[in-house]
Amino acid sequence: MTAIIDIVGREILDSRGNPTVEVDVVLEDGSFGRAAVPSGASTGAHEAVELRDGGSRYLGKGVEKAVEVVNGKIFDAIAGMDAESQLLIDQTLIDLDGSANKGNLGANAILGVSLAVAKAAAQASGLPLYRYVGGTNAHVLPVPMMNIINGGAHADNPIDFQEFMILPVGATSIREAVRYGSEVFHTLKKRLKDAGHNTNVGDEGGFAPNLKNAQAALDFIMESIEKAGFKPGEDIALGLDCAATEFFKDGNYVYEGERKTRDPKAQAKYLAKLASDYSIVTIEDGMAEDDWEGWKYLTDLIGNKCQLVGDDLFVTNSARLRDGIRLGVANSILVKVNQIGSLSETLDAVETAHKAGYTAVMSHRSGETEDSTIADLAVATNCGQIKTGSLARSDRTAKYNQLIRIEEELGKQARYAGRSALKLL
């Protein structure tokens, strides 16, 4: 009854107005699953590869080739398979692709099918996706990392770091956490406006003011937290996504906005000082993706008191994560389903992290859709943390709204991760 009888891929638009892949899967009993694939702006060199069309259509970013793969090769390979055999289906697609980075079929084609299959199987079983994937123990609502000021590749301003985030660690529920975030977001908007800054929002819903450096951004956020009636570090902690690969040149970190250059040791010391001065509890990609020595130095310096998250470093890849674990590098992994390209491999990366004592953070991409799958996956894996943008733009709030629904559905079983999500707090 859960055999796959139809797969339909189509080209839709993401939140940046670029094409992406959406997939529908239909089972023999009529169960249905739909998934849309996200896309990143700052991408790691070791990520799985999207299949794009090239040429003039959509300025080369069309995905008709990927859609053709879904409707042709992939359908032929898995039609008739049991949708509940997720591992087997994902492995069939990986083998069919045959490359190390999913460059033949395209990670966007494979992932769309992988997620849609899981959703169809969940519907067939009469379970919500988080329960189908995570089992009876899926009950932890994640602390959101809310990106409220943007810089780097996500903005046209002098700030070199890509994201400045707030984490409502002192809230008692996801519903309350979202309220904390919203109140700080709107307070920050007013303070920026009063100071003469533009308050338009960027790709992830955060503000992109013309501030001179990271400290100026952090000062605005700290003041806004206090003005909104919260205590920095107690009610709401701070986080950074440096996206350091984007400004790593010839072995150094080149801060064009600040007109400063820092070698890896100076970079680590700079981050350590920021963490100490501003209640920063998590730093993502503080070092470049292939600067393993720099990562090791940073981890040795502050890894016992600050969550150090590998995004471009690990690219949701269990093999790269195991390298990091062996070298004692970082202490957390960012989990992006499209970096690795299948649900099974995503779950494997989270499991690998947890077994090694690393934390895991479920994450969106800067190019998103209304698809809220990652909210369910955050609860399914009990990872305790989620990155899904600011408190604006429906492509971001869709995930928060889904978490609120899940919390309501779980009732007394629900537990908000709070401070325990970051093992060092």
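Each position is counted from 1, following the chain as shown.
Using the three backbone atoms N, Cα and C, a Cβ is placed for every residue, glycine included.
Cβ neighbour count for Glu204 (active site, proton donor): 28 (other Cβ atoms within 10 Å of its Cβ, all protein chains included). Under the three-state DSSP scheme, Glu204 (active site, proton donor) falls in the coil class. Positions annotated as active site, proton donor by Swiss-Prot, on the basis of sequence analysis: Glu204.
If you look up Swiss-Prot, you'll see Lys336 marked as active site, proton acceptor. Proximity of Lys336 (active site, proton acceptor) to non-local residues of its own chain (separation of 6 or more, Cβ distance below 8 Å) is seen for Pro38, Gly40, Asp311, Val315, Thr316, Ser363, His364, Arg365, given in sequence order.
Within 10 Å of the C-beta of Gln162 ((2R)-2-phosphoglycerate binding site) we count 28 further C-beta atoms, all protein chains included. Under the DSSP three-state reduction, Gln162 ((2R)-2-phosphoglycerate binding site) is assigned to coil, being neither helix nor strand. Residues annotated as (2R)-2-phosphoglycerate binding site in Swiss-Prot: Gln162, Lys336, Arg365, Ser366, Lys387.
There are 27 other CB atoms within 10 A of the CB of Asp241 (Mg(2+) binding site), with all protein chains counted. What Swiss-Prot lists as Mg(2+) binding site is Asp241, Glu284, Asp311, and the listing cites sequence analysis.
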If one measures from the C-alpha of Lys387 ((2R)-2-phosphoglycerate binding site) to the C-alpha of Glu204 (active site, proton donor), what distance in angstrom results, rounded to a whole number?
10
Based on Cα coordinates, which of the following recorded positions are within 10 Å of Ser366 ((2R)-2-phosphoglycerate binding site): Glu204, Asp241, Glu284?
Glu204
Taking the recorded Mg(2+) site as Asp241, Glu284, Asp311, identify the other residues of that chain whose CB atom sits within 8 Å of the mean position of the site's CB atoms, giving them in sequence order.
Gln162, Glu163, Leu240, Cys242, Ala243, Ile283, Asp285, Val309, Asp312, Leu334, Lys387
Find the one among the recorded positions Glu204, Asp241, Glu284 whose C-alpha lies closest to that of Gln162 ((2R)-2-phosphoglycerate binding site).
Asp241
